[in-house]
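Peer 1: TrEMBL feature annotations, pasted as is:
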{"type": "DOMAIN", "residues": "1-381", "note": "domain 'Amino acid transporter transmembrane'"}
{"type": "TRANSMEM", "residues": "16-37", "note": "transmembrane segment"}
{"type": "TRANSMEM", "residues": "66-89", "note": "transmembrane segment"}
{"type": "TRANSMEM", "residues": "109-125", "note": "transmembrane segment"}
{"type": "TRANSMEM", "residues": "137-156", "note": "transmembrane segment"}
{"type": "TRANSMEM", "residues": "176-197", "note": "transmembrane segment"}
{"type": "TRANSMEM", "residues": "218-239", "note": "transmembrane segment"}
{"type": "TRANSMEM", "residues": "259-283", "note": "transmembrane segment"}
{"type": "TRANSMEM", "residues": "304-324", "note": "transmembrane segment"}
{"type": "TRANSMEM", "residues": "330-351", "note": "transmembrane segment"}
{"type": "TRANSMEM", "residues": "363-387", "note": "transmembrane segment"}
Amino acid sequence: MVGAGVLSLPHAMADLGWGPGVVVLILSWVITLYTLWQMVEMHEMVPGKRFDRYHELGQHAFGEKLGLYIVVPQQFIVEVSVCIVYMITGGKSLKKFHDLVCNDDKKDIKLTFFIMIFASAHFVLSHLPNFDSIANVSLTAAIMSLSYSTIAWSVHRGAQPNVQYGYRAKTTAGTVFNFFSALGDVAFAYAGHNVILEIQATMPSTPERPSKGPMWKGVVVAYIAVALCYFPVALIGYWTYGNSVQDNILISLEKPVWLIAMANIFVVIHVIGGYQMYAMPVFDMIESVLVKKLNFKPTRLLRFFVRNIYVASTMFVGITFPFFGGLLAFFGGFFFAPTSYFLPCVMWLAIHKPRKFSLSWWTNWICIVFGILLMVVSPIGGLRQIILQAKTYKFYS
């Protein structure tokens, strides 16, 4: 649940400001916890049947065809976009580690090569068969995310000299677009909904002991960890660096060198596990289509080509467009807001049909309105940020 998006939260705070920033962080935490609860509850809402995939729940709510058309494209793009962003994050953290540890080496190695080094691990790990087989990778990633988040907020020795907390943009239009972009950064940090049903599907379940009990306990523990990571990193990072903070807080940190270097390696290990968590459902989708629709044989050779081509594709896109902040904002708003903020609420209304103007009805509609606003405005700010960065960026440099 703790994604690498936590590293951009101080930067998002700089564009949101103290008041709106704290409100958006708290609202996002509450809304996404509520929608996670809905998904856990809906997993076994039909006796004797489990909805093991997001799109299966969508088909139950909206119908066989419409459910597929609504859910699958969004879920697919969310998972692919996380993999692309994690490619960039892993490469940048490897480069930061190299620059800190080998600071006497005057030769500057391109970010491209570090992304390729990071991708090399996935050409091996992507051939693990399923979620259960990456349990140890996932556990290690979870420990790493807690570790680097703790380092990110605990090493500060007070606010930097001449720190400024005003909006960084010089114009009103720039301030508004940056505000929109920051909303997408926050949305990207809450991406776990896209794999929650696949994870719950691996848990044993009986009519006497349904999986939703232990699953909800796991979600609560995860969200306590999310709060302990996200809020200190966002608030202390912004308090320390003000509006000069980088879009990745660990890039802003310089001392103590050994600790910051260790934190960046923790990020690399975490996003290796995170990449696999989001790639597994994509492999499942692609291989299912090839076998069931195009009549390919489910062989090891098919798995070898599908998974290696996917890893190579995400690596190529990450190398071509290594805009961490802009991609976070664009993907976070356009694709993460529906799947994490309001699509579960729409399904809940369609399936449970709560009484009009009841507490449940109002709660769901408030989440839907907030999520739609997020989906509309965030990509605008993110796309503008990508365009501005692309103007001065030399591709494959």
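Along the chain as shown, residues are numbered 1 onward.
Keep in mind that glycine also has a Cβ here, set from the backbone N, Cα and C atoms.
Show me how these features fit into the shown structure, please.
Peer 2: Among residues of the same chain six or more beyond the transmembrane segment (109-125), those with a C-beta under 8 A of the stretch's C-beta atoms are 87-88, 90-92, 94-95, 98, 134, 137, 268, 271-272, 275-276, 279, 308, 311-312, 314-315, 318-319, 322, 396-397.
Among residues of the same chain six or more beyond the transmembrane segment (176-197), those with a C-beta under 8 A of the stretch's C-beta atoms are 1, 3, 5-6, 8-9, 11-16, 20-21, 24-25, 28-29, 32, 35-36, 39-40, 43, 51-54, 56-57, 75, 78-79, 82, 85, 167-169, 219, 222, 230, 277-278, 280-281, 325-326, 328-334, 336-337, 339-341, 344, 374, 377-382, 384-385.
Outside the transmembrane segment (304-324) by six or more residues, the chain places 8, 80, 83-85, 87-89, 91-92, 111-112, 115-116, 119, 122-123, 126-127, 247-248, 279, 282-283, 286-287, 290, 385-386, 389-390, 393, 395-396 with a CB less than 8 A from a CB of the stretch.
Beyond the transmembrane segment (330-351), the same-chain residues lying 6 or more positions past its ends with a Cβ under 8 Å from any Cβ of the stretch are 5, 28, 31-32, 35-36, 38-39, 42, 45, 54, 57-58, 60-62, 70-71, 74-75, 77-78, 81-82, 85, 180, 183-194, 360-361, 364-365, 367-368, 370-372, 374-379, 381-383, 385-386.
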